[in-house]
Amino acid sequence: MLPLKFHEGGLIPVIVQDQKTREVLMMAYANEEAVRLTESTGSAHYYSRSRKKIWKKGEESGHFQKVGRILVDCDEDCLIYEVEQTGAACHTGYRTCFYRTLDGVTIGEKIFDPEKVYGKTGH
């Protein structure tokens, strides 16, 4: 593995992209352990800054990300996970976390009701 440059708190930003459509699905953070777990298992793992723990995408929702390839940027301080997305990527129920324009117009497709999956609304 290349020598990654982790930012403050030992985290690196991860952009998640659909490996077929190239659609950007989400952005999250990973620590070194989460990156290694992702690399070794082929399932996307991230680090939750609010819960202060590693989490596997889909462990609660069933909407998993199978990682086909991990790309590293030129400065070695940002990653792209190219994934096969099962269901929605966003905890709000949308396929992608980027489902709104800057002026607030919803352009994305809602896949599930977060209240039914998590017992709470997405926001």
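For all residues, glycine too, the Cβ spot is worked out from N, Cα and C.
Taken straight from Swiss-Prot:
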- D73, D75, D77: Mg(2+) binding site (BINDING)
- C74, C90, C97: Zn(2+) binding site (BINDING)
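Overlay of Swiss-Prot annotations on the structure.
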{"residue": "D73", "record": "Mg(2+) binding site", "Cβ neighbours (10 Å)": "14"}
{"residue": "C74", "record": "Zn(2+) binding site", "Cβ neighbours (10 Å)": "6"}
{"residue": "D75", "record": "Mg(2+) binding site", "Cβ neighbours (10 Å)": "8"}
{"residue": "D77", "record": "Mg(2+) binding site", "Cβ neighbours (10 Å)": "13"}
{"residue": "C90", "record": "Zn(2+) binding site", "Cβ neighbours (10 Å)": "21"}
{"residue": "C97", "record": "Zn(2+) binding site", "Cβ neighbours (10 Å)": "18"}
Task: Alpha-carbon distance [C97 (Zn(2+) binding site); D77 (Mg(2+) binding site)] in Å - done: 22
Task: Cα-Cα distance linking D73 (Mg(2+) binding site) and C90 (Zn(2+) binding site), given in Å to the nearest integer - done: 24
Task: D73 (Mg(2+) binding site) versus C97 (Zn(2+) binding site) - Cα distance in angstrom - done: 21
